[in-house]
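Here is the structure we will look at, set down as C-alpha cells.
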Amino acid sequence: MVEAWYMDESPEDQRAPHRLRPNRAVSLEELRRLGVVYRKLDADNYQTDPCLKEIRRAENYSWMDIITIHKDKLPNYEEKIKTFYEEHLHLDDEIRYVLDGSGYFDVRDKDDKWIRISMEKGDMITLPAGIYHRFTLDENNYIKAMRLFVGEPVWTPYNRPADDLPARKQYMKLLAEEAQ
C-alpha cells in the first residue's frame, strides 16, 4: 500500500524521506481530495494483467512506454534528475505505473505544503492536470515505470509559476469544489 506524508523543509539530499518529526501521514482519501488517484496492480504480470487492460480501456490510455531511471540506463541522467525535481505542472494528467524499483512523487496540498508519496513496485498514480508536483528517485537510485497517455504523449513541463494556464485554473476550481 502506498505511503504518503508531509515533508520537512530540510535542504538535505532530495532522495531522503524528508518526514516531519513527528511524522504527519497523509491518507489515500486526502490524496483523492487533491485529485490524486492511486491503484495497486500486479507489476509482475503487467503485460497480461486484465486490470491494467481495463484501466487503459476505461481511461482511454492509448499510448504507453517504459522508462528506466538509473545512471547506467538513462541518457543525460544527471540533467534529467534535476529536470524531474523542478516544481512543475502539465496540461494533461500524469500517469505512472511502477514496474520495479521505487521513488517519490511530491505534490502540493491546498495550502501549498509538500506531500511526499512513496511509490514502489505495483503502484500506479495519476496526478491531475494542473497540480504542482515533482519526482525524484529514493535512496535506491532506481525505478522502472510505465508512462501512460491519452493520445500522443506531451512531455512539456510548465515550471512554477504557471498559475495563468487553463489547466491550473481548472485544477484550482476542482480544489475549491472539493473543499465545499
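Just so you know, glycine gets a Cβ as well, placed from its N, Cα and C.
What TrEMBL lists as Fe(2+) binding site is His88, His90, Glu94, His133.
The Ni(2+) binding site annotation in TrEMBL covers His88, His90, Glu94, His133. Counting only same-chain residues at least 6 apart in sequence, those with a Cβ under 8 Å from the Cβ of His133 (Fe(2+) binding site) are Glu87, His88, Leu89, Glu94, Phe105, Asp106, Val107, Arg108, Leu127.
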10 Å Cβ neighbour count around His88 (Fe(2+) binding site)?
19
When a 10 Å sphere is centred on the Cβ of Glu94 (Fe(2+) binding site), how many other Cβ atoms does it contain?
20
Only counting partners 6 or more residues apart, tell me which same-chain residues put their Cβ under 8 Å from the Cβ of His90 (Fe(2+) binding site).
Leu127, Ala129, Gly130, Val154, Thr156, Pro157, Tyr158, Ala167
